[in-house]
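What TrEMBL annotates here:
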- 4-98: domain 'Fibronectin type-III' (DOMAIN)
- 104-200: domain 'Fibronectin type-III' (DOMAIN)
- 206-294: domain 'Ig-like' (DOMAIN)
- 299-392: domain 'Ig-like' (DOMAIN)
- 397-490: domain 'Fibronectin type-III' (DOMAIN)
- 478-499: region 'Disordered' (REGION)
- 546-709: domain 'Protein kinase' (DOMAIN)
- Lys575: ATP binding site (BINDING)
Amino acid sequence: PGPPIGPLEVSEITQHTCKLHWHPPKYDGGCKITHYVVERRETTHNQWVVACTYCRDTTVTVQGLTENGEYLFRVMAVNENGQSAPLEGTNPIIAKLPFDPPSAPGIPVVTEVGGDFVNLSWEKPTSDGGARILGYWVDKREVGTQAWQRVNPAHLCLPAQINISNLIEDRQYEFRVFAVNEAGQGPPSSNSSQVKIKDPNAATPPEFITPLKPAMGIENKSAQFSCKVVGNPSPEISWYKGMRELHESLKYSITREGDVCTLIISDIFGEDADEYACRAVNKGGARTSRAELLIKTAPHINVPPRFRELACFEKGENVVLKIPFTGFPKPRIKWFKEGEEIESGSHFDIQTGERHAVLTIRDVNKTDSGPYRLVAENELGTDSAIIKVQISDKPDPPRHPVVENINDDNCLLSWKPPLWDGGSHITNYMIEKRESPLTTWVRCGNTRFTTHQITGLNPSKEYQFRVYAENVFGRSEPCEPTAPITTKPSEKDRRKKKNYMVDEHGKKIRGKSEGKIANYDQFVQDFDKYIPQPIDIKTSSVYDYYDILEEIGTGAFGVVHRCREKKTGHIFAAKFIPVSHPMEKGLIRKEIDIMNQLHHPKLIRLHDAFEDDDEMVLIYEFMSGGELFERITAEDYKMSEAEVINYMRQICEGVKHMHEKNIIHLDLKPENIMCQTKKSTNVKLIDFGLATKLDPNEVVKISTGTAEF
C-alpha cells in the first residue's frame, strides 16, 4: 500500500504517554489494509524502536516514554503484500505534562515556640507551574546533623502553616518546605533560622555572664571579686571561702546591683589567700563560679635542716641543692659562688620550680667546696641564704718533710699533716725513697703518725724522701722531696766478702754445678702474673740471698750464671758485670733505673740488683730459649710467614710500651731478642744498656751503633 496520509498528529502528552492520529493511505495496493506499525525514536538516537506492532485503527496511545525525553514518531500501513513507506512526524515532542512543578515557597518563619513544639508559616510559591498547588511537604533537621526528616510523611499540608510537635527541649532545629502540584514536587525553600525549643515561661538555671576572675592583693589592703549572673527567676546569691559560707561583716562586704554581685575583703593577710566562690541558685538549678585570691608577699627562703650546717658530699657524685621558697609574685632566683653568679652549663644546672630552687652540680670535686648563696627577689623585697658545701676527696699533700738523726743505714723522717684532710681523717702515710742517681722512687714505709724511722739504707749513699697522705677517698699527691741527704759511712764492713777461687785462666769461680742439665725449660717461670715492684740496689752480698749455680753464658759485658733464690727457691739468671770506674757503675745504675720504669710481658724482667766494690750483679728472670738470631739462622730451621708475623707483633708490643714511657731502646737487633724456652714462640726484648728516656717536648738527635759493625 501507499504511505498513510498526514499530518501525523500528537496529542494528550504526559510524562510517559502520548496519543497519535493519522489517515489511511490513498492507495491500499489492491488489498485491504490489515494493520499499522508505529515506531518512535529519541532525537538523541538514530535507531527507530517499535512502539506498536499491530494497530488496527488510525489512532493509538503510545506508552513507555521516558519523562522529559524528546521523541519523533512514524507510521507504516500493512496489507497482505507488505508494508508501506512511513509517514513521519515533522516536529519532535517532549514527554511531560503540559505544566511544571511549582517554584520554592517562601522562607519558613517560626511564629511560636513551646516546650516541645513550634508553629511555622510561609509564603506561597511565586509560581504554581501552571497547575493548582496540591499541598506542602515540611522537613526538619537538628542543628549539627546532616539528615532531614519529613514532618508530614503521610499527608500533604494544604494551608501555608503547620504545628510541629514532638520536638526535644533545649535542642536547636531548622526547617524547609516543598510545594507540590500535579507535575510533582518543586524545589525546597531556604532553611528557616535556627530555633531552640524552649518553654518561654520555664525556669532557666543561673548563668554567669561574667565569671569571677583571680584577684591579687597586698597585705593590709582590700581585695575585690565581682561577677554578673542571670537566671529566671532571679537567683539567690551566696559567697564562700573554701567550704565556709561568708556573711556580711566588718571583714566581708557583700553587695548586689542588678545582675552584678560583689565581695570585698578588708585588711587581707596571709590566711586570706584561698579559693573564693559565688553560688547562684533558683528553681532552674544552681551554678558556681570560683577564683583564687593571691596575696603579694615578699620572698622567704626556708633552708632545710640538712643544709643549715655544713653539707658534705663525695667527689664524683652529682650534688643537688633543693631549697624551698615562698613569695608572690614568683621570685626571681639566682645562685652565687664566691661573688659570681652561677649560670647553667655542662657543670651546673639551675632549675626553678613553683616552690623550689634547685642547683645541680655535676661530677663534683674539691674546687666545688665552699659557700653557695641563694637569692630570691620580687617587687616586694629580697631574701637570701648561704648553703655551705664540702666535697670529700683525697687529701692535700703532707708538708715540710724533715730528715733527722742520719746514721749509716737509717734516719728519722718527720712532716706536717696536710692543710686539708679531704673531709675525712688521714688513715695512713706512705713514705718513698730515691737513691741517687736513680730516678725511680721505692716505697720504704707506712705509718699513721707524722714521724717514721726509715731503715735499710746503704752507707755513704745519697737519698731523698717524700710522703703521701691517704684517706678513705684516695691517696694525695706526694709532698715536695726532701733535700738530698747522705748516710754516714759504715763503722765496719757489713758486706759479706767472698773469697773467690780462680781457675787456671785466672777467672773467678763463682758457682757450683748441679750436674748436667738436660732440660733448662723446666726452670722457666711465668712472672707476668706477679705485680712488678721497683728494684732497690743492695750493697750486701748476692751470696746472702742466692745460690749461684753453673755458668750459662759469657760475653764482653761479663758472665751469666743460673742462680736459685734462697727465700723462694725460684730460678733466675745472675749477670755479673765487672766495674773498675764509678762511671761504669753510673751506666749500670741508669740501666736499672730504666728497667724500674718498664714492666711488660714482652720485656725481660729485672728481679734484683747488688753492688760490690769491683762488680755489680743484676738478677733477671730465667729464660732458656736463647737468642732469636741463633734460632732463625740454624741450617735446619724453616720459618713461615705466620711465625714472622708472630715475632714482629710481640716485638712491636714491647717497643710500644717503651715508647709510651718515653723510652727508646737504641739497640734493637735479633741478638737482643730472647726466646722464653726452646720450644716456645714467645720472645722478649733484652739489654737496655743503651736505652734512653727522652722529653717529648724537646727535639733530640742521637747517633748510635754497634761497634763491631
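Every residue gets a Cβ built from N, Cα and C, even glycine.
Automatic prediction, not curation, is the source of TrEMBL annotations.
Each residue of the domain 'Fibronectin type-III' (4-98) gets a DSSP state, and the totals for helix, strand and coil are 0 helix, 48 strand, 47 coil. Most Cβ pairs under 8 Å with the domain 'Fibronectin type-III' (397-490) belong to 546-709, among the candidate stretches 4-98, 104-200, 206-294, 546-709.
Its Cβ taken as reference, Lys575 (ATP binding site) is surrounded by 21 other Cβ atoms within 10 Å in the chains shown.
The average pLDDT computed over the domain 'Ig-like' (299-392) stands at 91. Residue counts for the domain 'Fibronectin type-III' (397-490) by DSSP state, with H, G and I taken as helix and E and B as strand, are 0 helix, 44 strand, 50 coil. Under the three-state DSSP scheme, Lys575 (ATP binding site) falls in the strand class.
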